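Please read through the structure below; I'll follow up with questions.
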Amino acid sequence: FFQLAVFVVILFNINLLSASAGSKGSSAPQSSGDSVVAEFCDTNCTMKKDGKWTECNGDCFCVHVGNETVGRCMRLDGDYDYTSSKTTRRNKKTRNGLCRLDRNRTTVDYPERNTREP
């Protein structure tokens, strides 16, 4: 009887863990005190031969992916100032990669994707 009880408890835990790990449905809405809206500007930015990036106009900053030499200018509007001189670098995880926010540019690094079908 003891072995059967342990087996049932193990099966219950496995079922509970697999159900919670596999749930990709919508969750309850979460509220954040910091609201940010990202908008692309009308201009692009490019990496110069010296490795520096061309400046974007106004409140816009340069965003590029990985080692690309061409990027887009982007603006963040909201309650939180990502381009503040007080914070020269912040890391923020995005859904598909790591987004590094600097004063002058933002880099999005995407991890290698698994191309095999599940």
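Just so it is clear, glycine is given a Cβ too, placed from its N, Cα and C backbone atoms.
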Looking at the disulfide bonds in Swiss-Prot, identify which of C41, C45 pairs up with C62.
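Record-based pairing for C62: C45.
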Measure from the CA atom of C73 (disulfide bond) to the CA atom of C60 (disulfide bond) and give the result in Å, rounded to a whole number.
6
